[in-house]
Amino acid sequence: MSSISLKENGGEVSVKKDYSNGGGVRDLYGEDSATEDHLITPWTFSVASGCSLLRDPRYNKGLAFTEGERDAHYLRGLLPPSVFNQELQEKRLMHNLRQYEVPLHRYMALMDLQERNERLFYKLLIDNVAELLPVVYTPTVGEACQKYGSIFRRPQGLYISLKEKGKILEVLKNWPEKSIQVIVVTDGERILGLGDLGCQGMGIPVGKLSLYTALGGVRPSSCLPVTIDVGTNNEKLLNDEFYIGLRQRRATGQEYATFLDEFMRAVKQNYGEKVLVQFEDFANHNAFDLLEKYSSSHLVFNDDIQGTASVVLAGLLASLKLVGGTLADHTFLFLGAGEAGTGIAELIAVEVSKQTKAPVEETRKKIWLVDSKGLIVSSRLESLQQFKKPWAHEHEPVKGLLEAVKAIKPTVLIGSSGAGKTFTKEVVETMASLNEKPLILALSNPTSQSECTAEEAYTWSKGRAIFASGSPFDPVEYEGKLFVPGQANNAYIFPGFGLGLIMSGAIRVRDEMLLAASEALAAQVSEENYDKGLIYPPFTNIRKISANIAAKVAAKAYDLGLASHLKRPKDLVKYAESCMYSPGYRSYR
């Protein structure tokens, strides 16, 4: 005999085994004998026990299953006999991670962990945030996106391509989780400072949402990473046999706008008015248009424009204790007039307007921007993109950054250009000659694209610069003094900002909320931090920081009448802390 027969006997199924076919068993469902042309049914069973429990990252605890749980859930023999607690598992994993010398290998190991044991992944990230943040996000995530086609294992988010035009609502319904509160979406056109990575930009939404959970306490099941694939103009990817996206040039114009509009309408229809949609790494020309178009009808947030602006403003507010004066006393010069540069500039102008009661049009006049063609001045007005026009001030044309520094005499120099090594020795020395304590922010990511390094800023300014960067740099010793460079990382703001919107049930984002987040972050900088030259608090207290930011954002939502969760909690900080996801293991019956 060479088959298994199933017979019903009094309502029960009995199995007659047949091992005559080489010790094997009969292919009951036809999978083994099926050809590609032969359709089969993909049977699945959803009983959370045995192997299925071990393979479900939401419930798997690995060696932390207790003796009782192993008996109750048919795990005997499927695990080694030792029982570890979560702390020992964490210790073992951190030991293993530290053996990897290549950051990308650490990234891949962490993504593997996330796919097999969700709670242990977040426990690891929360407890070791300063060490692991550069791995799960900038700068390592940039390299991961560049090589995403080669290291791709399994989908971690939702891919919506032009193939799904007219069916986006159906695609959203394919996602297994239904109570979505935060969506991070990219079209992959401007990934960090790396350019068009197309569909491989998925690493950015995945990384951002892991930080929403680890740093802001938003439940993983409430987060949805989305990549909108409208093609890519990256010839290298189009010719790469391992590229995982559409092999066509990018859709533009009306086709692009219609597709994005279908996505936004489907999101609102499927998840409701209060789902937060965070636009991530869109090209400048689309980022501003999308934010302007949907800010009045959806709960939308652009981290590159608004998140960066909020975290930089927080650093500027904190730095006043070191450099003196008020924000209105300073003159700002930006290298880079894209999403980040203009977004930061506008929020600074709004904050100065709030402090001085002067019109925003007036407060913009002490903020100057340099783009690829030089200083943005009124004589260039006709040729400027719309979002640059508010920054075209009266001044003779100036071509280079060094010439602009000499002409404008800024007290604050901010780089958001995505062009590395542009804060040259001459530029930094000129800033130091103009100011006792020049404030220099080199914000571009990843590290290779930073306008200057921390060591260069401190050395060229003879230890007088107040420095912060977008990517992490090691502490620098200069003439016997240790300088700890701050990182103007958006991760300070967006997790707490998102939590504040969620816990208040906010239906729209307003500038007042961004200002509240900046002020809350600046207030967390301690005297000890200032003594080290820091203008940002350490990441070790990030959940406390996020709770305070969330409370201020929620309070502003209630004040503006934009909160839908009534009634208002008395202690918003405690309420924020109570809303946060905890990654500790749960006990199973």
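Numbers run from 1 along the shown chain.
Cβ atoms here come from the backbone N, Cα and C positions, even for glycine.
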Further divalent metal cation ligand in Swiss-Prot, beside E280, D281, within candidate set D240, D304, D329: D304
K208 (active site, proton acceptor) in three-state DSSP notation: helix
Rounded to the nearest Å - Cα separation of I348 (NADP(+) binding site) and D304 (NAD(+) binding site): 15
Non-site residues, in chain order, whose CB comes within 8 A of the mean position of the CB atoms of E280, D281, D304 at divalent metal cation: T186, R190, I191, I204, F279, F282, A287, N302, D303, E339
Pairwise Cα distance for D304 (NAD(+) binding site)/A345 (NADP(+) binding site) [Å, integer]: 13
Shell list (NAD(+); ref centroid = CB of R190, D304, N445; cutoff 8 A): I191, L192, G193, D281, E339, A340, G418
Packing count at G336 (NADP(+) binding site) (other Cβ atoms within 10 Å of its Cβ): 23
